[in-house]
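Colleague: Mind looking over this structure? Questions follow.
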Amino acid sequence: MVSADVTRNIVGIIGNVISFGLFLSPVPTFWRIYKAKDVEEFKPDPYLATLMNCLLWFFYGLPIVHPNSTLVLTINGIGLVIEGAYIIIFIIYAAKNTRVHTCNPPNASSSGLLYLFGVSFCTEDPFACPNPCHVPVLCVQWKMLGVLAIEAAFMAAVVAGVLVGAHTHEKRSMIVGILCVIFGSIMYASPLTIMGKVIRTKSVEYMPFFLSLVNFLNGLCWTGYALIKFDIYITIPNALGTIFGLIQLILYFYYYRSTPRKGKNVELPTVLTKNAVTSGNVSVTVEK
């Protein structure tokens, strides 16, 4: 008879394979960015969010926090490398979206600007300023670097606080696990946007069937992994991922016939919270 540990490892390996595939799913998007030498209207948010998620789960899987979590550790380590590569590519090709613009700082009532330390960062409409002066508007790249700095500072604080303040595996697992559940659950609010769009437009154009199916299978697999040797911190986010994945599949089949047929599909970035502990069930639309 196969032991529970062996069964759990087999399920975890299958989950790792699915998660790896989900990590690679944005490759067509980044190939498009590479060919165009421009990020166009794609957003970096999914990749920054996934990087943060992977950092937390990688820390959770370390032996000093939660022993015997090799599968959690490895897939999130791989995820860190892949997401890091995506972010580097995005920063490089966001140069075309970084505009040198002029605006009058004292009259920064225009909706497109946030004036800070003598530099105007564009938010929505970088060309909304009526009064010219010579102040650079730095958009996507600086925002991304700022978010990365915040994520690094947050992780440093978490690591230091956990290692210094918690001296048992149980306490460390609880603290880091709760953070992982919180961040993972917040990320799972993202599918509500795309699902709402599907319902409003009666079109599944921006919700690919294959991605929805793999998201569902990934969540189901990791939920099973967590239940075999119960781990509440892995169970909660993956159960949410499974539910959202199932809802996406139901919506897909319900609205498939009413979807307008187009000759050209749009490549979309997706949030990949698909690691050994959070199924990649978050999709993001591109607003044109």
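These residue numbers are counts, starting from 1, taken along the chain as shown.
From the backbone N, Cα and C atoms, a Cβ is placed for every residue, glycine too.
Curation plays no part in TrEMBL annotations; they are all automatic predictions.
Not my notes, these are from TrEMBL:
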| type | residues | note |
| --- | --- | --- |
| TRANSMEM | 12-34 | transmembrane segment |
| TRANSMEM | 46-65 | transmembrane segment |
| TRANSMEM | 71-95 | transmembrane segment |
| TRANSMEM | 145-168 | transmembrane segment |
| TRANSMEM | 174-194 | transmembrane segment |
| TRANSMEM | 206-228 | transmembrane segment |
| TRANSMEM | 234-255 | transmembrane segment |
Colleague: Which one, 12-34, 46-65, 174-194, has the most C-beta pairs under 8 Å toward the transmembrane segment (234-255)?
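Modeller: So the stretch in question is 174-194.
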Colleague: Who are the chain neighbours of the transmembrane segment (71-95) in space, where the CB to CB distance is under 8 Å and they lie at least 6 residues beyond its ends?
Modeller: 9, 12-13, 15-16, 19-20, 23-24, 26, 30, 33-34, 36-39, 42, 44, 47-48, 50-51, 54-55, 57-58, 60-62, 139-141, 144-145, 148, 225, 234, 272, 274-277
